[in-house]
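Novice: One structure, pasted below without further comment.
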Amino acid sequence: MNLTFAGVDGIIILSSYAVIMLVIGYLAGRGKNLSKSMSGYYLAGKNLGFVALFFTLYATQYSGNTIIGYAPSAYRTGFTWLQSISFMTIIIGVYLMFAPRLYVISKRLKFVTPTDWIQHRFKSKAVTILSIFLMLWGLGNYLLEQLVAIGQAVAGLTGGTIPYQYAVIAFVVVMLAYEWMGGMKAVAFTDVMQGIVLMIGIIVFLIGALYLVGGNFASVTTFIASTEPAKVGVPPADATVNWLSMLLLVGFGAAIYPHAVQRIYSAKSERILKRSFSRIAWMPPITTGLVFVIGIIGIMMFPGLDTGGSEQLVGMMANEIAAINPFYYWVMILFFGAIVAAIVSTADSVLLSFSSMVSNDVYGKFINPEATEHKKVMVGKYSGIAVVILLLWLAWNPPGTLYQIFVLKFELLVQVAPAFILGLYWNKLSAIPVFWGMLSGALLAGLLTLTGNSTVYGVHGGVLGLALNFLVAVIGSYYASVSSAEESEAKEMTSLKIEA
Amino acid sequence: MSKDQTKEPIRKKWIWIGLVIIMLGIVPWYFPRGTEVPIILGFPYWALISLFFSLLLCGYLSWLCVSQWNIVEDIEENED
């Protein structure tokens with residue numbers, strides 16, 4: 001995405017964002033010795049208040065890719081992309097299935113990672129290791145995608161003045177630095193800044209785009225209806241099946257993301273958690289909804305782009321908007337800075353979650369269970385740096401379309417959902433069927449994707465895998481012999497234990 | 001607060017029936033295909049109806065969070 005308008009001004013704005021993030025990170029970690037405890041570093045001491053929790057949920061869920069990738073999706077699919085509002089909203093519905101109980105149990109048992117729950121519930125090495133693998137794989141892919149996107153956005157914003165590789169390295173160093181200093185606290189507080197600029201940026205971008213098409217959205221739709229009627233028509237059958245499949249895939253996948261689960265652990269209180277969710281439920285219309293409108297307007301501004309061309313849509317529109325007058329010029333630069341900030345804000349959460357799983361789950365559970373908390377935190381910090389270096393090496397060959405890799409990471413990660421959610425309520429659910437369910441689901445989803453059948457009749461491979469996974473786990477547990485002692489132990493683990 | 005007075009969404013069946021109904025309203029499977037598409041307020045009519053259900057979903061979930069979920073809130077608030 002090349003922005004012909006930017007250049008030096010873009011560098012100034014990006015540098016300012018970087019400095020602000022570093023200052024926030026420094027202030028978040030100052031004098032607190034966060035590295036001494038796992039919960040202090042990775043979960044902000046389980047003490048996040050409403051503002052920080054709301055924005056960290058927001059900025060983590062909505063990345064810069066939400067804009068750069070979703071506007072082209074709307075451009076290519078037309079009004080069917082309205083689904084992006086509902087699939088981002090349904091995440092809250094899935095949270096409602098498990099967050100209320102998990103929050104209570106996680107506070108009682110001082111969980112740090114999602115794996116803590118899986119291990120506690122099933123007491124099975126096989127289930128624990130497989131779920132760690134699936135979650136780290138999903139997180140790694142997700143992080144890779146964000147790193148690629150940082151480079152593309154910065155290179156675009158500065159009109160190529162800053163080459164792609166330098167851009168990625170500069171922002172990764174900034175991110176690692178503030179995360180090192182302040183852990184989850186720094187991540188959440190930088191998310192407040194990143195979330196606010198993203199919201200404002202989207203709104204101004206939309207206003208500029210509407211101005212360019214004469215201020216009348218209806219004329220855009222009429223234009224599309226006359227030139228590309230398929231984009232306004234009732235979606236065909238497979239597209240509606242695909243829509244429903246997206247609701248399931250994103251709903252379960254995004255709610256069960258390790259960093260999403262850790263935000264449940266980090267909440268200061270149930271009251272703050274549910275109020276944050278309650279507000280987040282309204283964010284899709286004013287985030288993905290507005291981006292959808294931007295993509296639709298793009299159809300009229302730049303008709304006839306192919307897939308590769310449409311990926312550049314946001315940059316092309318920004319060029320036009322910046323040319324309106326100096327006000328829009330500066331807002332567009334701020335906006336692209338905001339996109340970079342939004343990508344960084346998603347990447348930092350994913351990286352922190354990755355580090356926490358390496359230190360708590362891999363190192364703390366299997367390699368050196370006797371290690372002090374401080375040592376575990378340090379292992380997590382260093383392994384975070386190591387994984388970023390590894391992913392950067394991969395990132396130099398970025399894949400073409402952002403959306404494809406977005407689907408890929410969900411397919412494996414979502415397979416943890418049955419163990420995670422069903423395990424909270426069904427005491428008969430037992431480890432061996434859960435393991436085979438998870439494995440067969442992941443294999444089916446992975447194979448379908450690798451053989452180029454990422455959807456079958458519109459249903460995503462991840463959803464088919466999830467269905468198989470669920471069936472194996474449920475039927476297997478139904479017939480598995482569970483001793484009454486084991487069942488009452490499970491009952492003990494899943495109970496809320498509220499004193500009368 | 002005794003366990004009976006706690007509110008946990010998973011235990012209320014109507015919540016999930018409501019959710020499925022709204023989802024069925026969002027996904028545009030029930031419109032005739034291949035016919036002329038009237039445009040209302042800049043949206044094809046089916047998209048406007050789908051949008052209506054999408055916004056209903058936001059409101060429904062937002063309301064559920066604050067009104068149908070109360071497990072340890074009173075205990076926690078009393079501790080402070």
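The count begins at 1 with the first shown residue.
Glycine residues also receive a Cβ, built from the backbone N, Cα and C atoms like all the rest.
Copying in the features that TrEMBL gives for the protein in this structure:
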type	residues	note
TRANSMEM	A:6-28	transmembrane segment
TRANSMEM	A:81-105	transmembrane segment
TRANSMEM	A:126-144	transmembrane segment
TRANSMEM	A:164-181	transmembrane segment
TRANSMEM	A:193-213	transmembrane segment
TRANSMEM	A:241-260	transmembrane segment
TRANSMEM	A:280-302	transmembrane segment
TRANSMEM	A:327-358	transmembrane segment
TRANSMEM	A:379-396	transmembrane segment
TRANSMEM	A:402-426	transmembrane segment
TRANSMEM	A:433-451	transmembrane segment
TRANSMEM	A:457-480	transmembrane segment
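Walk me through where these features lie, including what they touch and how far apart they are.
Specialist: Within its own chain, the transmembrane segment (A:6-28) has Cβ neighbours under 8 Å at 154, 156-159, 161-162, 170-171, 174-175, 177-183, 185-186, 189-190, 193, 322, 330, 333-334, 336-337, 340-341, 344, counting only residues six or more beyond its boundaries.
Sequence-remote contacts of a segment are chain residues at least 6 beyond its ends whose Cβ falls under 8 Å from one of its Cβ atoms, and for the transmembrane segment (A:164-181) they are 18, 21-22, 24-26, 28-30, 147-148, 150-155, 158, 187, 190, 340, 344, 347-348, 351-352, 381, 384-385, 388, 392, 395-396.
Under 8 Å from some Cβ of the transmembrane segment (A:280-302) lie the Cβ atoms of residues 54, 57-58, 61-62, 66-67, 70-75, 78-79, 81-82, 84-86, 88-89, 92, 198-199, 202-203, 205-206, 209-210, 212-213, 217, 219-221, 223-224, 228, 231, 309-310, 313-314, 316-317, 320, all in the same chain and six or more residues away from its ends.
Counting only same-chain residues 6+ beyond the ends of the transmembrane segment (A:327-358), those with a CB under 8 A from a CB of the stretch are 3, 5-6, 9-10, 13-14, 16-17, 21, 38, 42, 56, 59-60, 62-68, 112-113, 115, 132, 135-136, 139-140, 142-143, 146-147, 149-150, 153-154, 156-157, 171, 174-176, 178-179, 183-184, 186-187, 190-191, 193-195, 197-198, 200-202, 204-205, 208, 257-259, 262, 314, 318, 321, 379-381, 383-384, 387-388.
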Novice: Between the transmembrane segment (A:241-260) and the transmembrane segment (A:126-144), do 3 or more CB pairs sit under 8 angstroms, pairs being 6 or more residues apart?
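Specialist: Yes, the transmembrane segment (A:126-144) and the transmembrane segment (A:241-260) are in contact.
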Novice: Within the same chain, where does the transmembrane segment (A:457-480) have neighbours whose Cβ lies under 8 angstroms from its own Cβ atoms, ignoring anything closer than 6 residues to its ends? I mean 6 or more beyond.
Specialist: 237-242, 245-246, 248-249, 252-253, 407, 410-412, 414-415, 417-419, 422, 426, 428-430, 432-434, 436-438, 440-449
Novice: Which residues, given as numbers and ranges, are at least 6 beyond the ends of the transmembrane segment (A:241-260) yet have a Cβ under 8 Å from it?
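Specialist: Long-range Cβ neighbours of the transmembrane segment (A:241-260): 57, 60-61, 80, 83, 86-88, 90-91, 93-95, 98-99, 113-114, 135, 138-139, 142, 235, 349-350, 352-354, 356-357, 407, 410-411, 413-414, 416-417, 420-421, 455, 457-460, 462-463, 466.
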